[in-house]
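Sending over a structure as structure tokens; questions will come in a sec.
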Amino acid sequence: MGTIKIGLGQFFCLTVLFELGTALVVNLGMESGRDAWLSILVGCVAGLIVFTGYAYLYRKHPDMPFTAYTRQLLGKYIGTPVAILYIILYINLAARDLRDGSTMLAMATMHNTPLFILSTLMLLSGAYVLHKGVEVLSRTSVVFALVVMLIGLFGTIMLVLSGSINLHRLLPVLENGLQPVLVSVAHQNYMFPFGEMVCFTMLMPYLSSVKKGPWVIAAGILFSAILLSFTMALNISVLGEDIVERSPLPLMPTISKISISDFIQRVDIFVVMVLIIGVFFKMAVFFAAALVGISELFHMPFRRMLYPCALIILFTSMLDARSFTEHLDEGGGLLYLVYPFFMLVVPAVLVVMAAVRAHFSAPRPG
Amino acid sequence: MNNMKLMNKISVFPALLLALLPLLLLTGCWDNVELNRRAIVSGVAIDRGPTEAEKYRLSFQVIVAEEISGENARGISPVAMYTGTGRTMFEALADASRQTARFLSLGHVRVLVVSEELAREGIKDILDVLERESDTRLTSLIFIAKGQPAHELMSTMTVFSKIPVNDLVEKLETTSKQFGYNFRMEVDDVIRGVQLTGGGPIINGVFTSGSREGADTNDNLKSISPKNILRISGLAAFKDDKMKGWLDGDAALGTVLLHNKIKEFPVVIKDKEGGYLSFNVYQSQVTLKAAVTDPEHPVIIVKIRQQAAIKESANSLDLTSPEVLEGLSEQLTGETIKQIKAAIASAREFKSDYLGFGQVLQRTHPRGWKQVKDHWEDIFAACEVQFDADAVIRHTDMRSNSFQINK
Amino acid sequence: MKSWSNKHKQATAAAPANQPAEGGAPYLSDNFARNLDSMQSELGGSPDLKVRRIQIGGERRIEAAAIHLSGLADTVAVNEFVIGSLLGNTEDLFPDDTDDMVTARASDQAAQETSHGDGAASGTAAPAEASINATAESAANSAAKSAPMFTAEPGTGRSPLPQLILNRALEIGDAVLQEEWKDIMLAVLSGDTVILLEGYRTAIICETRGGEQRSVSEPSSQLVVRGPKDGFVESVATNISLIRRRIKSPKLRLEYMKIGTETQTHVALMYMKGIAGEDLIREVRERLRKITLDEVLESGFIEELIQDKTFTPFPTIYNSERPDVAAGNLLEGRVVIIVDGTPFVLILPAVFTQFFQSAEDYSQRFDIAIMMRVIRYVSFLVLILGPSVYLALTTYHYEMIPTTLLINLLSQRENVPFPAFVEVLLMETAFEILREAGVRMPRVIGQTVSVVGALILGTAVVEAGIITPIMVIVVALTGIASFAIPAYNMAIAGRLIRFAFLIMASMFGFYGITLGLIVLVAHMNSLRTFGIPYLSPFVPLSVKGQKDTILRLPLWLMGPRKSPQQMRAELPEYMQLTTGYDEQLSPLILKNNTAARQQAEGEQHETDE
């Protein structure tokens, strides 16, 4: 890989924005009812365990992206198809994310704007940023991580001031025991959004410090999990479990409850901004992962595949499903059947291979 | 070399963008609606139509902005009302839209008034569109029109605001802050209330007093005493989504106290000698707890903490004596307990746990709640309520004893 | 510069040294009349070329001529010190007669010559001017070249006359011998006086630059309430003296270049040795050297050619009219480029935050300075987002506007014929026209323009019901916000971006604005100014760097000053690297060797095309 290095702080912010992505605004983990905030935290722990595997692979191959050490560990003939599958996965994830984002946007404010236009605009912006390089993306994330935090802080303070928060709505904790929480984790939360960290295996070679890098990313995951959990708790304590469960974007009605003497009202547009920022960075990271994969696998300039790849993402996202419901249903299927293969099975195999190889090739002490 | 470089940079990305830009500009601005193409709706009245095809009769109070703050006002009414009917709320909205020149914009709906007739029939069908539609706001206030068609409340000229709905909102704010037992009831509160197991929401009542004749014109305001006044009064008690009856007086006040929504209210007690004393309770904190030994027989503990000031004491009580004040505060708590008991009594009468006792049980004892959830109504009707009340008379305002004490 | 010296070399190679002087011949001929003729003919017989023919020496009279351009040269210096000393001091110059007095004077002059620039007696400008010649590379080179030639002067067997005159007769602070035609012509065109002697192929160039100049006065562009009131002028020498007077340190270094094949403009490069990074200085020097241009009339010409090449509205080089700003930046390790003929000096590298600093921040209390800075950043935001947010709010997200305000806006809009977007565009354009007119107008009429524009046009437009009053407020607010930014070029950048945001907002509301912001920040992140990320010290975040950005900590907290270069040196290696923007391959990051990069780029493009 190249000599491009990205600072730890920037990687932290990129991780946080990536994790928050769409997850911040959707009703994450609502399978466990009003304990969704708990299931996010548990999911985060599961995600961290999965990430340990990625980090292990990274430590073993600090200069290679995932697609490169796949080939090294599995051999050329198995490794290359697997690497190509991963590139397709990243393109698919980027496309799905784009679809998520543009549909949510259409639901929230832009009722009449064609989905295609919304997606195109978002994708073009992403392509522009990636055209400037991965480093620019990560630096930009610093600024917008700050923006998202500020919006969050503003929203929380305003909700407290307008007296909409009722913590009673979070009670009782664990009404039905731990089981629903664990079920929700097993169904969704370990994978979304934390399992999606698999695409960071493509970007981790850019980390400026092999030693601290994975820790920083793990801290980013934890931090974003706390934020997500907090947001979910906020949603439930403002709207109540039932409304949150039925809203695809619960953060919007939550924030729209802000009303300070009829002057500050309906600030849900800030949620839309958070949504746009999150979707943008998530999509851009997937996009970047796919591009890095392509350029590494085919020894092609990074930028040459930028626009073709953008077109593929755009059309994948448009042709993905006819309706949002279909899209979500499809997503659920992928989440059960396909993603675990990529996010758990293959990395696990690789970890074992790497460990075995390290065991045999390492000089025996004494 | 510079030129070549320039060309190269232009050619890749900006060229693409530039090619797209006119495309975007030409195809137009999809969601762009100019302000003067909008008809801002300030309030909606929902009535029950006579037939199934006209099940909902929606009356939209639309703001005529130019009459309110424009320079070339024509002297016409500051709001206009459009009415549409339909089988669903949305159809009714579409019907009303066809009558207006502009887009009916629901983003600023501050008040929804539902007629009592519809409320008694059930409100759950009308709530769906209110939470689904992204334009409407969850912070809109809901009222029940007490014994009259809801649209009449949208067509009454008011004194203090050119927009009648604003007058209503301001009245509610005033009563909820002082001397009243109504409080802000917003759309999502109602939705949560409807889903309360064995209970329902409570919604503010509103009605017009006086003659309806000319209420919707400026004639209404021409005399010093307006002919027709919008008044907020009473609470509509619901069981599930159906209205069961009205709460007034002590029962209403007690209900609001149990919901902890009241900030300041007057209390009048009668002292031993038969004179009256007025208090202003300026802080009142009611917390509910459930003591569960047997889920079938839960005990609800109502803990009341109040702070009050004496506002009127036209008698010869020695207010400088702590003992006297102690006695008065006991009477005060007695009064509060009386109100809450009245509230519980009416709730049992309506067989509706809108007081949230079930929720308390669920919070404190989720397992027990699961056992009794299905027949909670029966338990609610019989469960024991204990009181733990404490009131403090913080001060006696600007005088200690009344001058009557020196007689 | 480069091309000029190339030509010069070619010429030297082509024509042997002792050819008779024709128009473009490289050296003087020994024919005195012919020299005079060709000089006059080369300037096209220009009437302001003054040739004063005199005869010098006692018994053996020699024809001589003092040539200068009137107006460019200091008349007093020419008359008294050049012609005067030629006529007065050459009587006994001929080698036969030796005089004690003359030797004494000569040694005196020699002393003066070695310590040029220190002569305090002859006014403020003169010593600095002298230092120009002393340090100017060309002069030094030619002096070095010419030195052996004089000793080898054929046929005389004694010290040549020009050398003698230079050593013993001329009462002028700075004079050198010169025999290359180009240099002589350049000297005349720069305002020096050239003395030609009959029978000698060597001319004496006397430093007599002068003539009329604007005196140091208060800068017109960057005003402060409190702070020094002097500003740079058009003379590079005066400007250097203004800086030197503020930094009396031997570390302050000065380099000269002449840029512009036709204009031959003096460009001075100043930096603090040891504070400014060596690589930065090398880079700047390299970029300056690469400039091939006919004319350099303003520092903008230089700025455009040495900035990091990226399409951007943002300035990456700071310019200032204030010597205190230049001095302050020098001390912070930046490089200052002074161009003759303009009071605006270039300061580089310049990051984003620098354009929001004003000299006054350091004169005021720190808390007040912080407030002023915050206001500047806020006004920049208002400038780029003000109208677009208004547009997005009214045409897309009307639910956010408080109801009462909405009613107000609605009633205002009731009879306006244009859509809001057109309305904003009209007003913004009108405002830009007004501003442009106001700037170009003579100061007396400028007042009228602002009165007519702001008051009459504004009220008329509202009264006629063409534009809503709130729009006038919004546009006026953005206009005022643009003036709150201390750096004019940053304000222009903001104004340009504002229009882009307007279009985005009109089509997509807040969606467009948010995406626009992301792209804008990404764009700014991709910018570099001489290797330093444009948004530093925010991104990449440096806590130490925050001391003087939005915050302006009290001086005692700022601690020992660190230059950006020093800070850069302390940064881990990866942070010193560029975006790899110009690299065609995957985002490899190159070492910030821009010169090499530019070269590589050129090659790449050639292969591309």
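We count from 1, first residue shown onward.
Glycine is treated like the rest: Cβ placed from N, Cα and C.
Feature table excerpt (TrEMBL):
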- A:12-30: transmembrane segment (TRANSMEM)
- A:36-57: transmembrane segment (TRANSMEM)
- A:77-93: transmembrane segment (TRANSMEM)
- A:113-130: transmembrane segment (TRANSMEM)
- A:142-165: transmembrane segment (TRANSMEM)
- A:190-208: transmembrane segment (TRANSMEM)
- A:215-239: transmembrane segment (TRANSMEM)
- A:269-293: transmembrane segment (TRANSMEM)
- A:305-324: transmembrane segment (TRANSMEM)
- A:336-356: transmembrane segment (TRANSMEM)
Tell me whether the transmembrane segment (A:12-30) sits in contact with the transmembrane segment (A:142-165), defined here as at least 3 Cβ pairs under 8 Å among residues 6 or more apart in sequence.
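Contact between the transmembrane segment (A:142-165) and the transmembrane segment (A:12-30): present, because at least 3 Cβ pairs are under 8 Å.
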Under 8 Å between C-beta atoms and at least six residues away from its ends: which parts of the chain pack against the transmembrane segment (A:36-57)?
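Those are 27-30, 66, 69, 170, 173-174, 180-182, 184-185, 188-190, 194-195, 197-198, 200-201, 204, 214, 217-218, 221-222, 225-226, 228-230, 232-233, 236, 244, 343-344, 347-348, 350-351, 354-355, in sequence order.
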Considering only Cβ pairs within less than 8 angstroms, which of the stretches A:77-93, A:190-208, A:269-293, A:336-356 has the most against the transmembrane segment (A:305-324)?
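Counting Cβ pairs under 8 Å, the winner is A:269-293.
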Taking the transmembrane segment (A:336-356) as reference, which of A:113-130, A:142-165, A:190-208, A:215-239, A:269-293 has the most Cβ pairs under 8 angstroms?
A:190-208
I need to check the long-range neighbours of the transmembrane segment (A:190-208): which residues 6 or more away from its ends have a CB within less than 8 Å of a CB in the stretch?
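For the transmembrane segment (A:190-208), the sequence-distant neighbours (Cβ-Cβ under 8 Å, at least 6 residues beyond its ends) are 1, 4-8, 11, 14-15, 18-23, 28, 43-44, 46-48, 50-51, 54, 57-58, 62-67, 90, 93, 134-135, 138, 214, 216-217, 221, 224-225, 228, 285-286, 288-289, 292-293, 335, 339-340, 342-344, 347.
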Taking a Cβ cut-off under 8 Å, which residues six or more beyond the ends of the transmembrane segment (A:113-130) line up next to it in the same chain?
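Long-range Cβ neighbours of the transmembrane segment (A:113-130): 98-99, 101-103, 105-106, 136-137, 140, 276, 279-280, 283-284, 287-288, 291, 306-307, 310, 313-314, 317-318.
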Can you tell me which of A:77-93, A:215-239, A:269-293 gets the most C-beta pairs within less than 8 Å of the transmembrane segment (A:142-165)?
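Between the candidates A:77-93, A:215-239, A:269-293, the best contact partner of the transmembrane segment (A:142-165) is A:269-293.
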